[in-house]
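Undergrad: Structure incoming, see below.
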Amino acid sequence: MVIKRALEFTKIKTKKILKISNENNVNNKNLQKVETFHKNDEALPMKNSHYFDDDQVDLKSKYEKPKQPNWLFRRIYILTWIRHYDREKAISDLIAGITLGLTIIPQSIAYAALAGRSSEYGLYTAFIGSIIYVFFGTIPQVSIGPTSLMSLMVLQYCYEKPIEIVIVLAFLAGCVELLMGIFQLGFIVSFIPSAVNKAFTTGTSIIVALCQIKNLLGVKLKGIPTPRAFFENIKVADATVGITCFVILLVLRQLSSVKFKEESPAARRLKKLLWYISISRNALVVFTCGMIAYFWIQKSSFEAIPITLSSKVDSGIPTIKLPPFAFIHDNRTYVFSDICRELGSGILVVPIVAVLANVAIAKAFVKDGILDASQEMLTLGICNVAGSFFSAMPTCGAFTRSAVSQASGVRTPMAGIYTGIIVLSALSILTPYFQYIPKSSLSAVLIAAVIFMVDFKPLTELWKTNKKDFISWLGCVIVCLAAGVEMGLLYGIILNMIFVLLRLGKPKLEVNLKKSDNLIYVHIKPMSDIYYTGVEPIRTEIRSACVLYRNDFPIVLDCSRFMLFDTTFLEMLNAVAKDLRENNVLLILQFFPDKHKEFLNENTNIRFANDRTLSELIVKT
């Protein structure tokens, strides 16, 4: 019914336009356009009372791409939105910033513990990352700070090494990210397929959870203990606190999804309250456990408490100082070359992993689908380089915190200012109390955060849709668990590049015997783009077709999907033409670019054609 009305409406409007144009006897070009429109697209309703004005539309000025802002505005991104900042946005950002601050403080403490560092280093990272992103970041929801992924990378490359090496790693990672942004290398991320990205996230999450099980249960054995030794060294008090915190976190997580039968104002307020409790669950659990431990110790002593507590945290705001490119530790002098040798491949792996994670998060929250990946690389690089002057660890965006910002109604990156102020307040006021936080409660926070990032759905989905992606996913997870996250990522990338090379080296070709106007010819059409790596399969296919059809018919080769006409390509075509000439077979190159025809003129049996001239060309020959 709707389509019928649209047809009638379109016909009426078209008739009116035709009538007006005939009466005035002007604008014949517009009349032809209307007739064409009426003939081809009469089911398409018009938006206005007349579709074409008397004056010609200036297509160049009306439909040209909008001008990009000045490069200074694109790089210091705050200049593009601060001029339109108003009270409504400020209130929304304030609420989101405070909510995010309550989330990031316990996470920073836990992630510092995961990296094997004291709590203040996680807070240093959270403070500087939140502040810097306000000025250069493009996505309001992205929250730069410590993450489980970066903490795991620090643990892997800096395990039992001085904190100075971690700080220099942050500086070097930032320099690499800055160079990637300056040289516009955002396209590198596209070489990491979705299956590898999912496998990398799953493998990393499993490793984080496994690393925290010992702290959750109070096991203090180094390395990988035997099952018997593991169970014999479980501390009942730590295990009780850890498992209880873990269960409470899972319960509080579900509060945000509680549904009410009636949507009354009271129900909406209660739902909002439950949501705030749910997103603040980490802070609530850590704060409650710390308060219980504090009052316990006040009544007795540190030695009397049966659970393992966090280490003492240095109080005060971090001072600005150069990264320690040379230092002395345990009577050993480290210079810059020694630090680079200690870090090894981490100098490249850490920034690449950080960029991958940060761009993936930015893509998930970008509004218009247009993401400046190079600017995100620059911003991340500045965050890490600046963080190294404040004794911070390597940093990147966190998906969980970004989701909290989105749900809190963030409007601009200004929310990071409020988050940074809350973290600074915690550093200056609360640091003496961080030592009362049980380690098992922090482990529970980490496990509860990453356990929902483990996704085994690709096992069944990829097996049904694409076996190659299934092999990539499964292999990447296994290698991550067995050899480390950077080896798992490298495995997935290399394996998929091999798949691409194999596809380029052995393209699919469609060979048919066609008939057009009583003329018969062999038509060879590539089903994918052809590069120089695929010339031999084409040559083999042409020879096979000639043998099959006994050289009785001309060969028509569709060149529309030929890419990068280099010397290898042109030499192959000349060689094939020479072979066919010996058997009096014509080679017709369909849709061949004009600029390369001169390199094939020496062969008398080569012709060039498109769809219209193909039959005429065969007849003439």
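One is the number of the first residue shown, and numbering goes on along the chain from there.
Placed from the backbone N, Cα and C atoms, the Cβ positions cover glycine too.
Copied straight from TrEMBL:
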- 92-474: domain 'SLC26A/SulP transporter' (DOMAIN)
- 94-115: transmembrane segment (TRANSMEM)
- 121-144: transmembrane segment (TRANSMEM)
- 165-192: transmembrane segment (TRANSMEM)
- 234-252: transmembrane segment (TRANSMEM)
- 273-297: transmembrane segment (TRANSMEM)
- 343-366: transmembrane segment (TRANSMEM)
- 378-400: transmembrane segment (TRANSMEM)
- 415-434: transmembrane segment (TRANSMEM)
- 471-504: transmembrane segment (TRANSMEM)
Undergrad: The transmembrane segment (378-400) vs the transmembrane segment (273-297): three or more C-beta pairs under 8 Å (separation of 6 or more)?
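TA: Counting Cβ pairs under 8 Å, fewer than 3, so no.
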Undergrad: Cβ under 8 Å, sequence separation of at least 6 from the ends of the transmembrane segment (343-366): give me the contacting residues as numbers and ranges.
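TA: For the transmembrane segment (343-366), the far contacts come to 138-142, 144, 147, 149-150, 153, 156-158, 165, 168-169, 172-174, 176-177, 180, 186, 188-189, 192, 197, 200, 373, 376-377, 380-381, 384, 394-399, 402, 406, 485-486, 489.
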Undergrad: Can the transmembrane segment (234-252) be said to touch the transmembrane segment (273-297) if we require at least 3 CB pairs below 8 Å and skip pairs under 6 apart in sequence?
TA: yes
Undergrad: Of the stretches 94-115, 273-297, 415-434, 471-504, which racks up the most C-beta pairs under 8 Å with the transmembrane segment (121-144)?
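TA: Highest pair count goes to 415-434.
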